[in-house]
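**Student:** Okay, handing you the structure first.
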Amino acid sequence: MLGHFNSIIAMVANAAKQTKLPMAATDSPNLTNDENGPKKTTFQSSKATSVATNCAPRTNIPDLRWLGLYYVIYIGAGTLSFLALRNHIRGKKTNDFIDSLYMSVVTMTTVGYGDLVPHDFLSQMVCTGFIIVGMLLFGIVVKLAAKYLVFKQQKVLINALHTARKMGPMEALNEIESIEIDYTKCIISLIAMAVHFVIGIFVLVNVEGMEIEDAVYCACTTMTTVGFGDESFSSEFGRMFGVLWIFTGTSCLGQLFLYVAEVYTDIEAKKLVKWVIASNIIDKKDFEAADNLEKGKVHGAADFILYKLKEMRKIKKEDISCAMKDVGVDDRSVFDVIPAQSSEKK
């Protein structure tokens, strides 16, 4: 069974290298505690080995910078295109540049009020191309979010397995069980959304002259990107504010969804770590399976107790090697043969 567990760790470590996860160089890890290994530590006392504190992923800064550059180019190209085609766009207009920027943001965020629309073939084709490119950029955002979640789950698993090797599986399971899921990011994101929502309603009421119920309705349809269009920004200042408010609002909503997915990933990662560690703890049935009746080797309760004591770091192999040799017992039958044969069984 331990051999099966080592193969799992090797597989995870290989996946980590492929995704360039930072890992400390260690020899082949296993659940049995090496007699020359470090002394026992706890999750709470050592941040270097804590599953909870070591799961913060490193975001790929170059990717985010390139993504930001893509969106700047995208918005700039869209604004210039709509500005050049301003006579081919119908609707209530204020300032040509502000209207073009406003239309770019409304289209990019899929709000699509419909207060400014193309009305001939050329402008419709340009708008179609703009929408398709925007969907491709959205695909990049989804890829980065998926990479973030997968990276975090991998790092939680790797850190937990290395910690189990140092502490022992039973104590590691107890510590993992005591770790609570952090909902702080979700709460902060909800508060930011609420503040953003109130600011939008305030501007819609005081600048656009909407009734409070119309402002709430417009804010909801905007931040959820529904954008029916019966209520929208129509003044010059309102559209200048709307450019920033719509972009940040939809970004906050997307970030909230990411944090909710992150919490769910943490819950599932915790379950996975507990399952991997618990399913690879050697039990009495594994000792019975390791019996070699043909050679007359049968492992009894004493062998099981000795192995469990070593697994819990209560004793070391050297502590009992001399005593076992004095009575003519091969200590390999307890510490080496049993795990190997249990692995073959699996």
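Backbone N, Cα and C atoms are what each Cβ position is placed from, and that goes for glycine too.
When I checked TrEMBL for this same protein, it listed these features:
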COMPBIAS  27-45  compositional bias 'Polar residues'
DOMAIN    81-149  domain 'Potassium channel'
DOMAIN    195-265  domain 'Potassium channel'
REGION    23-45  region 'Disordered'
TRANSMEM  67-85  transmembrane segment
TRANSMEM  97-116  transmembrane segment
TRANSMEM  122-146  transmembrane segment
TRANSMEM  186-205  transmembrane segment
TRANSMEM  240-261  transmembrane segment
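Are these features on the surface or tucked inside, and what touches them?
**Tutor:** Looking at the domain 'Potassium channel' (195-265) alone, the prediction's average pLDDT is 93.
The list of residues near the transmembrane segment (97-116) in space but at least 6 beyond its ends in sequence, with Cβ under 8 angstroms from a Cβ of it, reads 71, 74-75, 78-83, 86, 89-91, 127, 130-131, 134, 222, 225-229, 232-234, 236, 239-240, 242-243, 246-247, 250.
Within the chain, the transmembrane segment (240-261) has long-range Cβ neighbours (under 8 A, six or more residues past its boundaries) at 98, 101-102, 105-106, 109, 111, 141, 145, 148-149, 185-186, 189-190, 192-193, 196-197, 199-200, 203, 207, 222-225, 232-233.
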**Student:** Could you break down the residues of the domain 'Potassium channel' (81-149) into DSSP helix, strand and coil, giving a count for each?
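**Tutor:** In the domain 'Potassium channel' (81-149), the DSSP-based counts are 49 helix, 6 strand, 14 coil.
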**Student:** So, by DSSP, how many helix, strand and coil residues make up the domain 'Potassium channel' (195-265)?
**Tutor:** 54 helix, 0 strand, 17 coil
